[in-house]
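**Q** My questions all concern the structure below.
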Amino acid sequence: MLFATLEHILTHISFSTISIVITIHLITLLVRELGGLRDSSEKGMIVTFFSITGFLVSRWASSGHFPLSNLYESLISLSWALYILHTIPKIQNSKNDLSTITTPSTILTQGFATSGLLTEMHQSTILVPALQSQWLMMHVSMMLLSYATLLGGPPLSAAILIIRFRNNFHFFSKKKKNVLNKTFLFSDIKYFYAKRSALKRTSVPSFPNYYKYQLTERLDSWSYRVISLGFTLLTGGILGGAVWANEAWGAYWNWDPKETWAFITWTIFAIYLHSRTHPNWKGTNSALIASIGFLIIWICYFGINLLGIGLHSYGSFTLTPK
């Protein structure tokens, strides 16, 4: 009873704190003069991290096993892993572009975990026989960490696509406008004003374009590093799961829905990493592949749990009747 009460308190503290954090982020985006509030949001993230950590320790102590046996526990652990990902740029003293992804991702996963949909999983239960193995912590934790990193990297690639799409859209808009000017002889009328500002345009660098270039390069670098880490963790998790499957079911691979989608996910991100080595594919094409991988990883992690089919259906749930 004590552990259950402690877990309930810590869960709601973390959710309340992270709700305040996301509110502060929205305020600082809308009102730039209040940029000093960002320090408060970082303190809130620290409080959230320790609350989630306390919950996981309490659940581990009360259940006697690593808290990754169902969807509720995995979502809480995913929030914890996303915060770890959030702190990586701070350790390296670099610009934290990842926070734009990890902060909302944390509140979404934490919000869903504490919603009424997973009430049946809030109480700790005894592990099913197939999960009573020393491989539980190694395999499931590595897979969960890979999900967290692979959910953090691809959105940065998607941001690159959006920035470049907007640039191309403006380019074609200007090109169409130039055609109209030539057709209706508007270019002669604007010649005087264009000539007068020609010196400024040639001598002063295009700061917005230079900023966009720096931003896309930084996003591309972070996306590549995060996805590379996630791919490594995913590979280790799949290999560990294969060994565990052989012990539990007598076969290394069963083409279970979860295993199939894990293989598809691994293949997509392997193609992404390979595309980075090809000059013609590096950039927009590789970013598109990473964006596709983002959708695939959600199906692999969350979709199979919703369906509740196959050998990996321990984390599935049913809606609680009202």
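Yeah, the Cβs are placed from backbone N, Cα and C, and that goes for glycine too.
In case it's useful when we look at the structure, here is the feature table from Swiss-Prot:
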TRANSMEM  9-29  transmembrane segment
TRANSMEM  44-64  transmembrane segment
TRANSMEM  143-163  transmembrane segment
TRANSMEM  226-246  transmembrane segment
TRANSMEM  259-276  transmembrane segment
TRANSMEM  289-309  transmembrane segment
**Q** When you scan the chain for residues with a C-beta under 8 Å from the transmembrane segment (289-309), skipping those not six or more beyond its ends, what do you find?
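**A** Result: 71, 147, 150-151, 153-155, 157-158, 161, 223, 227, 257-258, 261-262, 264-265, 268-269, 271-272, 275, 315-318.
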**Q** Would you kindly list the residues that approach the transmembrane segment (44-64) from elsewhere in its chain, counting only those six or more residues past its ends and only Cβ-Cβ distances under 8 Å?
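**A** Distant contacts of the transmembrane segment (44-64): 3-4, 6-7, 10-11, 13-14, 17-18, 20-21, 24, 73, 76-77, 79-80, 83, 86, 103, 106, 110, 124-125.
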